[in-house]
Amino acid sequence: MTHERQPLLGATSDAPVHQRKHLTWMSAYILVVSRVIGSGIFATPGTIVKSAGSVGLSLSIWVVGTILAACSLAVSMEYGCMLPRSGGEKVYLEYTYPRPRFLASTMVAVQAVVLGFTASNCIVFAKYTFFAFNVVPTEFQHKVLAVGLMTAVTIVHGCFLRTGIWIQNALGWVKIFLIGVISLTGIWVILLHPYGSDAPATSVFSWDTLWEDSNWSWNLLSTSLLKVFYSYAGLNNVNNVLSEVDNPVRTVLTVCPAALLTAGALYFLANISYFLIVPLEDIKNSGELVAGLLFERLFGNVGRTLFPLAIAISAAGNVMVVTYALARVNQEIARQGFLPWSRLLSSSKPFGAPLGGLIVHYIPSLLVIALPPQGDVYNFILDVEGYPGQVFSLAVAGGLLLLRYREPSLPRPFKAWLPAVWLRVVICVTLLAAPFFPPADGKSDVNFFYATYAIVGMGVIVFGVLYWYVWTVLLPRWGGYQLEEEEEVLDDGTPITKLVRSSL
C-alpha cells in the first residue's frame, strides 16, 4: 500500500561518504537469495520432521513459517522504504526508540557482537564436505575445516571486496541451481514414478498416514518454527546495505518480494521431494544430512559425492553473504561509537572494505565453532540465535505500530498490511512464551535441558540492558560526567561519532 513516494531519509542520508554503489539490482537479489537459501533447506528438514513426527505437521510448519516470514518481511519493507540507509534493525530501533538514550543502539551492538556469528553454515559446510568424500572426521578435523572456511571468507571480503562480491554472486546461482534440482526431483517422481510401487511416495501423502505420530507439543513446535525462520533469515538482508544500492526504495519493493516467492516455492517443493525419495524414518535420523541422502538415493555414489560437495559450496556462499552484510552492520555500530577502537573499526582502509567489521564478526564465529562439543550444537545454535531474535522482531514490529500512532504523517513509500504486523507481534510473544510450556516427555530437539536456548538467549538480552545501565547511567552518575556525541571525519571520508565524557 503506497503512502508517499518519497522516503523520510535520502538514500545516502547520513551514510558514510566512502560507501559507493557496489550493488546492482541483480547483485541485491542474489545478496538476499543467497543469504536466505543457505544451509536451512538442506539441513533443517530432518530435525523439523523429527520434532513434528509426521509429514502433515512438518509441511504445515513450513507453510505457517512462510506466511509469518512474509509478515515479518512486510514490516522490514516499510521501515526500509521509510529509512533507506545501511544498518537495518539498528537504524529502525534507534529512530523508533530514542529514549532511554543509547539503549536501542547498545542492545543492537550487543546482539551483533555476541550473537552475530556465522557458525551454523560453517558447520554444515564441514559436514557435507566430509560426507561427500565418505570421511568420518574427528571433532577436531570438523572444527578445523569450519574455522578454515570462516577465515578464508574474512580474508577475501576484507582484502578483495569486488572479488568477494563476484564470488558470492556466482555461488548464489549455484544455490538456486541446487535447490531447483531438488524441487524438480519431486515433480519428476510424481509424473514418472521411477521407483515403481515400492517408492516412499506410494503412501507418505495418504490421509491415513499424513498425520501419523504428530507431536503437538508447543515447545517442539516453537523450536521447529524457529528453524523455519532461520531458513528464511535474510529476506531483509538488502536493508543492511541500502546505502550501497541504486534506488534503494525501488530495490526494497522489488527484490524482497521476489526473494520470498523464490525461496517459498523452492522450499515447499524441496520438502515434497525429500518425502517422496527418502523414507520417513531415514529423514528423522538424518540429522543435517537429509539432502545428502536424497542425492545418494537418486544418483548412487556419484550423487553421494558431487551434490553434497555442491551443497557444501553453497553453504560457503551463504557464509560469504552473511559475513558481508553483518560486517557492514558492525561497521555502522563502530561508526557511532558503540565499539572500542571505533576509529580503526569504522575505517575502510587499506583495501576499501569493512575489515574492522569483519574482524568483529570473525571472533564470535570462531568461538562458537571451536568451543561447544559436537552433537546437538547445530540445533542449539539455531535456537539460541532465534530466541533473542524474536525480542528484536517484537521491538521492530511493535515499533512500527508505535510510529503509525505517534507520527502518522511520516512519508511511507510502502505501508505494511496492519493485520500482518499484528500477527507478527502475536507470534513473537507466543514464541517467547514457548519455553514455559515444557514438552510432555521433557525432551526437545537437543539432549539437554529443553529451555537452555531460552536461558542463554535471554541472558544475552539481560547482559545488554545491564551493560547499557552501567556504561551510560551508573558510571556517569558516580563519575560526575555525561556522555556526549562528537562528530569526526576520518581520512577516507567516513563520518564517525565519538562518545566523549563531558563534565556536569
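Positions of Cβ are set from backbone N, Cα and C atoms, glycine also.
Just so you know, TrEMBL annotations never went through curation; they're auto-generated.
Taken from TrEMBL, the feature transmembrane segment applies to 28-49, 61-81, 102-128, 140-161, 173-196, 216-235, 255-277, 306-327, 351-371, 387-405, 417-437, 449-470.
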Q) Any chance the transmembrane segment (255-277) and the transmembrane segment (102-128) are in contact, meaning at least three CB pairs closer than 8 A with a sequence separation of 6+? A) no
Q: Determine which recorded stretch among 28-49, 306-327, 351-371, 387-405 has the most C-beta pairs below 8 angstroms with the transmembrane segment (216-235).
A: 28-49
Q) Which sequence positions outside the transmembrane segment (449-470), separated from its termini by at least 6 residues, show Cβ-Cβ distances below 8 Å to it? A) 100, 102-103, 106-107, 110-111, 114-115, 219, 223, 380, 383-384, 386-388, 391, 434-435, 438-439, 442-443
Q.
Taking contact to mean 3 or more CB pairs closer than 8 A (sequence separation of 6 or more), are the transmembrane segment (417-437) and the transmembrane segment (28-49) in contact?
A. no
Q. Of the listed stretches (28-49, 140-161, 306-327, 351-371), which one yields the highest count of Cβ-Cβ distances below 8 Å with the transmembrane segment (102-128)?
A. 306-327
**Q.** Contact call for the transmembrane segment (28-49) against the transmembrane segment (306-327), three or more Cβ pairs under 8 Å
**A.** yes
**Q.** Stretch contact, the transmembrane segment (351-371) with the transmembrane segment (61-81), Cβ-Cβ under 8 Å, 3+ pairs
**A.** no
**Q.** Non-local residues, at least 6 beyond the ends, that sit with Cβ under 8 Å of the transmembrane segment (140-161)
**A.** 22, 118-119, 122-123, 125-127, 129-130, 167, 316, 319-320, 323-324, 327, 351-355, 358-359, 361-362, 365-366, 369-370, 374
